[in-house]
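J.: First the structure, then my questions, so here it is.
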Amino acid sequence: MLQTLYDYFWWERLWLPVNLTWADLEDRDGRVYAKASDLYVTLPLALLFLIVRYFFELYVATPLAALLNVKEKTRLRAPPNATLEHFYLTGGKHPKQAEVELLSRQSGLSGRQVERWFRRRRNQDRPSLLKKFREASWRFTFYLIAFIAGMAVIVDKPWFYDMKQVWEGYPIQSTIPSQYWYYMIELSFYWSLLFSIASDVKRKDFKEQIIHHVATIILISFSWFANYIRAGTLIMALHDSSDYLLESAKMFNYAGWKNTCNNIFIVFAIVFIITRLVILPFWILHCTVVYPLELYPAFFGYYFFNSMMGVLQMLHIFWAYLILRMAHKFITGKQVEDERSDREETESSEGEEATGGGGAKSRALANGHPILNNNHRKND
């Protein structure tokens, strides 16, 4: 049964154009071709990335945060209360008014004190500013290095300038060591992001991020063993071109450097729009959708690859909409915030705290791309 499924999965008609077989991609005459077994190395490499990240955040990002004067806001802790804690863990973090009144009777606290307790308890669970800074620092470092390495891999290749050459001789296209390591490192990094997503700062576009990571892993993996490597290197470098700008803007945002953050964000927005909404659909997708049909009939792998590219493009449009909305706020002079993050809920005044007055109620926030907030003392 398993052998049958294995044979069907690797059936040449699924992954290769007509009249070609896996035997055509076997190494010979000094020419090396991509193989699915090459991808096994990415799982231990992903674990290595997690180890490297731990030490990077500890010995590089943390001292850098201190150098940039990244300061934590003092958070008031919720006093121990078994009744409220039990509801918080089992009933929800945002009790409704009727539930607040019931909890008030059960705990002997006033309604405002119950609301304040939940507000403080929610703040306790929010990631610290230092955690956010360290995470942004790690991603900035990787994306910047990956972008430079990616450009070094493709800038001297003829298909970088003439995309029709992406398909010249396909799929009988041998690989070179630089392409191999570029692929393995990129795929390993996205595996590490998927492994750590539960412990990383959880944004309100959590589901979209999972979809993005999974689609990226599938695309990179498929493009490797189906030998879409030339197109794959172009796509990966294109994505890395704006990601490091975003992470650097977030770093300066957490450090309170508002003008620097805003200026980098503007550059990021321009690069994102150009690369994801212009170059990707009108050059890259045109290259992967139109040019192959000039050489061979469409097959399952062709439809599969371009369908996954379509998923990524839809995410890009979703995030670009939020970026443009933030750009409008820049123009109109409104405050810019990271719409993916929950706000830090603050107390209204120390006097109210002493007398049992309630603070600001939590407000629902929209989902979105990591667009930046410039007031980290009040917000994420």
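For all residues, glycine too, the Cβ spot is worked out from N, Cα and C.
Found this in TrEMBL, in case it helps:
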- 45-68: transmembrane segment (TRANSMEM)
- 67-128: domain 'Homeobox' (DOMAIN)
- 69-129: DNA-binding region (DNA_BIND)
- 131-332: domain 'TLC' (DOMAIN)
- 140-160: transmembrane segment (TRANSMEM)
- 210-229: transmembrane segment (TRANSMEM)
- 264-284: transmembrane segment (TRANSMEM)
- 304-324: transmembrane segment (TRANSMEM)
- 337-380: region 'Disordered' (REGION)
- 344-353: compositional bias 'Acidic residues' (COMPBIAS)
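Show me how these features fit into the structure around them.
T.: The domain 'Homeobox' (67-128) scores a mean pLDDT of 85 in the predicted structure.
Counting residues 6+ beyond its ends, the transmembrane segment (140-160) has Cβ neighbours under 8 Å at 56, 60, 166, 168, 178-179, 182, 185-186, 189, 230, 233-234, 236-237, 240-241, 243-244, 247-248, 251 in the same chain.
Non-local neighbours of the transmembrane segment (210-229) in the same chain are 15-16, 25, 33-36, 38-39, 170-171, 173, 175, 179, 183, 186-187, 190-191, 193-194, 197, 235-236, 288, 301, 304-305, 308-309, 311-312, 315; each lies 6+ residues outside the stretch with a CB under 8 Å from one of its CB atoms.
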J.: So which residues does the transmembrane segment (45-68) touch in its own chain, when a touch means Cβ under 8 Å and the partner is 6 or more beyond its ends?
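T.: Here the qualifying positions are 130, 133-135, 137-138, 141, 184-185, 188-189, 191-192, 195-196, 251-252, 254-255, 257.
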